[in-house]
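K.L.:
What Swiss-Prot records for D10, D344, H345 is Mn(2+) 1 binding site, and it gives sequence analysis as the kind of evidence. Sequence annotations record features per position, and here Swiss-Prot assigns Mn(2+) 2 binding site to D303, H308, H356.
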Amino acid sequence: MKRTFILMLDSFGIGAASDADKFGDIGADTFGNIAKACAEGKANIGRDGSLKLPNLAKLGLGHAGFESTGQFAPGFSQDVEVVGAYGYADELSTGKDTPSGHWEMAGVPVLYDWGYFNDLQDSFPKELTDKILARAGLSGFLGNCHASGTTILEQLGEEHMRSGMPIFYTSADSVFQVACHEESFGLDNLLRLCEIAREELGPYNIGRVIARPFIGTGPSDFSRTGNRRDYAVEPPSKTVLDKLKDAGGEVVSVGKIADIYAHCGITKKVKASGLEALFDATLEQIKQAGDRTIVFTNFVDFDSHYGHRRDVAGYAKALEYFDERLPELLALLEQDDLLLLTADHGCDPTWPGSDHTRERVPVLALGAGLAAGSLGLRNSFADMGQSIASYFELEPMEYGESFIQ
């Protein structure tokens, strides 16, 4: 029986990519800089001491970080018996965004440029917003700028509730984000508005429209809910997920995976929100998985709750929670299963600003007859997609080199 389980630690980069200079990200290292802050006592909120990830270390995380950066992250060393295959991957895709990282990992790099809203203020063309408002029957909107999602709620959340006008904002990524109060504006109204925006954004080549529902009564208690929805464009060609589905296999999305792939190549969608619920749902789907199945989970909290918010202690605590639960998952693996742990980009919480960082990602693989030891530098995330194709004996992907023979 052949099954693959993919754990996407969203934003968990392990050192600046080879082309990080083009992005202003030389020195970025999500894993290493979190470990350094922990070792220096700068991440002792809700936790304390060095970064403790013994199970990830056994899968080769520390060694992959060493190969990527030339040094072991504080608290990690070569004196660990590694049981898995480990490596690190550079990104071929032109951007450091979520769809690019996910699609490339599944064998389809994004070799074209996304559209972006580069102006920090008055970010959106009036022609675009006029069309969206007219179709939605709205009189106006708030925002129209680059912003942190939490900060803009503090600044404009109350005005949004008073006026009924949605909050439109963007970032350095190819995104159009819409924040609305889940109760006063209505979740269904927000989702319909985002569907309209997705349709109108076609000519602008924007990768995602993101619905950002929130609740609360004022700036002190506004909080996002778990009903986020991503409206992505479809990948430019078939991913390994599509190929397995087309061959009669099953592809189970846990969390926001289905949204990222525009629901292409997915046979089952499991909704879950929050690190604990995502891990619980992953375990349940592994227990149910039959032959020729992929279970693919995105652990978005690392990125959305801690990376973008530059919360080093929160990120470290979340990683330690994830690590503590790994043995539950490992106990469910069967002899021929393939487990992959990776990331889609970096989001170094010690880095200036609030955007993603251009980083290499870990490639931690266990099972499928792989020998423990180094996989070295992978020149594309697509090596993972090609390896999955090899594992399931599917038609080869156009990009990537398999590390499974």
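Each Cβ is built from the backbone N, Cα and C atoms, and glycine gets one as well.
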K.L.:
Quick check: of the binding-site residues listed here (D303, H308, H356), which one has the Cα closest to that of H345 (Mn(2+) 1 binding site)?
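P.N.:
If we rank D303, H308, H356 by Cα distance to H345 (Mn(2+) 1 binding site), first place goes to H356.
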K.L.:
In whole Å, how far is D10 (Mn(2+) 1 binding site) from H308 (Mn(2+) 2 binding site) when you measure between their Cα atoms?
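P.N.:
Roughly 11 Å, rounded to the nearest whole number.
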K.L.:
What other residues of this chain sit with their CB within 8 A of the center of the CB atoms of D10, D344, H345, the recorded Mn(2+) 1 site?
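P.N.:
Result: M8, L9, S11, F12, G13, T98, G101, H102, D303, A343, G346, C347, H356, V361.
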K.L.:
Taking the Cβ of H308 (Mn(2+) 2 binding site) as the centre, count every other Cβ atom within 10 Å, in any protein chain shown.
P.N.:
20
K.L.:
I want to check the contact list for D344 (Mn(2+) 1 binding site): same chain, sequence separation of six or more, C-beta distance under 8 angstroms. What comes out?
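P.N.:
Within the chain, D344 (Mn(2+) 1 binding site) has Cβ neighbours under 8 Å at M8, D10, S11, T98, S100, G101, H102, M105, V361, F381.
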K.L.:
Determine which residues of this chain, when D303, H308, H356 are set aside, have a Cβ within 8 Å of the centroid of the Mn(2+) 2 site's Cβ atoms, and list them as they appear in the sequence.
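P.N.:
Same chain, not in D303, H308, H356, Cβ within 8 Å: D10, S11, S304, G307, H345, C347, S354, D355.
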K.L.:
If you draw a 10 Å sphere around the Cβ of H345 (Mn(2+) 1 binding site), how many other Cβ atoms fall inside it, taking every protein chain shown into account?
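P.N.:
Around H345 (Mn(2+) 1 binding site), other Cβ atoms within 10 Å: 30.
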K.L.:
Check the DSSP secondary structure of D303 (Mn(2+) 2 binding site), expressed as helix, strand or coil.
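P.N.:
DSSP assigns D303 (Mn(2+) 2 binding site) to helix.
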